[in-house]
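The following features are taken from Swiss-Prot:
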- 24-44: transmembrane segment (TRANSMEM)
- 25-306: domain 'ABC transmembrane type-1' (DOMAIN)
- 61-81: transmembrane segment (TRANSMEM)
- 147-167: transmembrane segment (TRANSMEM)
- 253-273: transmembrane segment (TRANSMEM)
- 338-573: domain 'ABC transporter' (DOMAIN)
- Gly372, Arg373, Ser374, Gly375, Ser376, Gly377, Lys378, Ser379: ATP binding site (BINDING)
Amino acid sequence: MRNATSWSLYRRLLSYVRPYWKAFLAAVVGYAIYAASSTALAEMMKRLIDGIQNPDAAFRLMLPLFVIGMFAARGVGTFLGTYYMSDVARNVVHALRCEVFNHMLRLPGRFFDMHSSGHLLSRVTYHVEQVTGAATNAITIILREGLFVIGLVSYLLWTNWMLTLIFMAVTPLIGLVVNYTSKRFRRLSRRIQNSMGDVTHVASEALSGYRVVRTHGAEAYEKARFAEASDYNREQSMKVALTKAVSTPVIQLLVALSLAGLVWLAMSPALMASMTPGEFVAFITAASLMAKPVRQLTEVNSTIQKGLSASQELFGLLEQPPEVDEGSYVPARIDGRVRFEGVRFRYGEDQAEVLKGIDLDVPQGEMIAIVGRSGSGKSTLVSLMPRFYRPTEGRVLLDDVDIQEYALSPLRQRIALVSQQVTLFNTTIAANIAYGHPDADREAVESAARSAYAHEFIERLPNGYDTVVGDNGVMLSGGQRQRLAIARAIFKDAPLLVLDEATSALDTESERYIQQALERVCRGRTTFVIAHRLSTIERADRILVMEQGEIIESGTHGELLAQDGAYAALHQLQFQEAE
């Protein structure tokens with residue numbers, strides 16, 4: 001979409017208007033009434049001047065009625081145009097915003113790895129609002145003032161076509177100015193939108209990590225980062241303001257020069273003889289009335305280009321390919337047998353392999369613990385099962401069926417994930433436990449909480465299960481948040497459970513509660529546990545030791561200690577640290 005033309009962007013935006021064509025047509029009719037009634041002001045001046053020279057009783061009666069009718073029609077047209085165009089615009093923006101958000105939910109994990117959340121949020125909020133400006137204010141002005149200009153030009157041609165063509169001689173010059181400023185507005189608008197993403201990103205990081213900022217005394221550093229991002233946005237906005245401030249007076253000057261030449265020519269004896277005083281005044285009035293709509297049409301150009309630039313970014317996002325979901329297999333039930341066959345994986349073609357020929361067979365109901373240094377590929381390995389990523393080579397099988405053959409949603413519904421970075425939503429505890437099931441039975445929610453050893457602390461909260469936990473569970477302790485995450489996994493009742501460093505950042509008491517909860521939730525389920533504390537996985541059926549993307553050791557806790565290899569060294573190191 002980077003090289004998309006203005007017309008192609010307009011055409012795509014208009015496709016969102018199609019479902020609301022009736023309201024759009026009503027708005028066009030309203031603005032046509034407005035333009036016709038406003039143009040009638042020139043005709044009123046003609047009748048007034050000519051009527052003064054030849055007054056009669058009918059003229060005295062008809063002219064006031066003409067004035068009343070003209071302004072009444074103008075009011076009706078303004079109402080119809082403004083209301084129905086706002087209705088169309090807000091519906092278009094709503095549809096576009098929802099489409100962008102819904103598409104984001106379907107994008108693959110690699111996309112989110114390559115884009116900051118601040119820039120993505122900016123597209124849903126700031127970019128869409130720029131389209132709103134183009135879809136409401138800009139289109140309103142284009143239709144209303146554009147039809148007004150068409151009406152005035154038509155009236156001028158009807159009154160004196162020769163003078164009108166002379167008056168229109170400056171149109172090519174105005175077109176050159178508009179063309180230059182349009183390109184500049186689009187370029188600057190793209191920079192402003194990117195800088196707004198930077199502003200959102202810096203603010204989001206600093207505010208969500210305010211504890212780290214304060215404990216490290218980094219307030220001054222974050223202030224400087226934010227000021228730099230905001231100042232760049234200000235600089236680009238001022239360039240837009242400068243372009244707008246120069247272009248509008250230039251266009252007005254061109255119109256004024258044309259109008260001055262028109263008056264000079266119109267006052268020549270030859271033309272004065274061919275026109276009545278009323279026609280002369282009406283012609284000059286119509287030409288003068290054109291200054292305001294032309295000015296508004298040139299000023300709205302910056303808003304249009306901002307909207308086009310924003311829509312270009314949004315359409316580019318919508319063209320990102322969604323997560324691949326070519327599978328169609330939907331099993332009635334899953335036992336939980338997992339097999340990795342020659343699995344290799346790299347995050348990018350120019351990056352080193354993270355997994356190197358993984359072969360692993362896990363029977364139903366077995367608990368597999370995975371240990372190793374940071375960066376050894378543990379989390380990447382378990383991320384392949386819910387298809388957050390696809391293997392570069394090899395395949396992963398669930399119940400002897402390649403997971404690529406499964407329909408994506410049913411596959412993920414049968415996998416429960418609990419990680420160190422718990423995600424809680426700013427809603428009630430009950431809604432967090434039953435996430436994705438708004439009509440869940442309260443007894444089932446409480447049963448899951450009891451199994452996760454969370455019921456006791458929940459009951460002590462002021463509103464119990466109806467307590468709102470705050471942004472990402474800020475009102476709860478780390479252990480409480482972790483127990484809610486486990487309760488969510490228990491409520492899901494999936495046959496396959498993945499625990500990614502679920503207890504690594506907890507105190508001893510919280511870890512004891514969570515260990516008891518995990519022992520309960522793991523029963524009868526195939527479980528993958530990534531652990532930093534080896535004491536938490538001693539009861540695992542099998543322990544895998546990973547190093548640089550390979551499984552270098554496999555066995556029970558006792559077997560691996562007896563081998564006196566990498567696992568024994570890790571165990572000895574942690575034992576010494578504990579002492």
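Glycine is no exception: its Cβ is also placed from the backbone N, Cα and C atoms.
Proximity of distant same-chain residues to the transmembrane segment (147-167), defined by a Cβ-Cβ separation under 8 Å and at least 6 residues beyond the stretch ends, is recorded for 31-32, 34-36, 38-39, 42-43, 258-259, 261-262, 265-266, 271, 275, 279, 282-283, 286-287, 289-290, 293-294, 297. Look at Gly372 (ATP binding site): DSSP puts it in a strand. Beyond the transmembrane segment (24-44), the same-chain residues lying 6 or more positions past its ends with a Cβ under 8 Å from any Cβ of the stretch are 17, 63, 66-67, 70-71, 73-74, 76-85, 88, 143-144, 147-148, 150-152, 154-155, 282-283, 285-286, 289.
Same-chain residues with CB within 8 A of the center of the Gly372, Arg373, Ser374, Gly375, Ser376, Gly377, Lys378, Ser379 CB atoms, the ATP site residues themselves not counted, are Met546. Highest Cβ count within 10 Å among the binding-site residues Arg373, Lys378: Lys378.
In sequence order, Phe345, Val354, Leu355, Met546, Gln548, Gly549, Glu550 make up the list of same-chain residues 6 or more apart from Gly377 (ATP binding site) whose Cβ falls under 8 Å from its Cβ. Around the Cβ of Gly372 (ATP binding site), 24 further Cβ atoms fall within 10 Å across all displayed protein chains. Fewest other C-beta atoms within 10 Å: among the binding-site residues Ser374, Gly375, Ser376, that description fits Ser374.
Around the Cβ of Ser379 (ATP binding site), 18 further Cβ atoms fall within 10 Å across all displayed protein chains.
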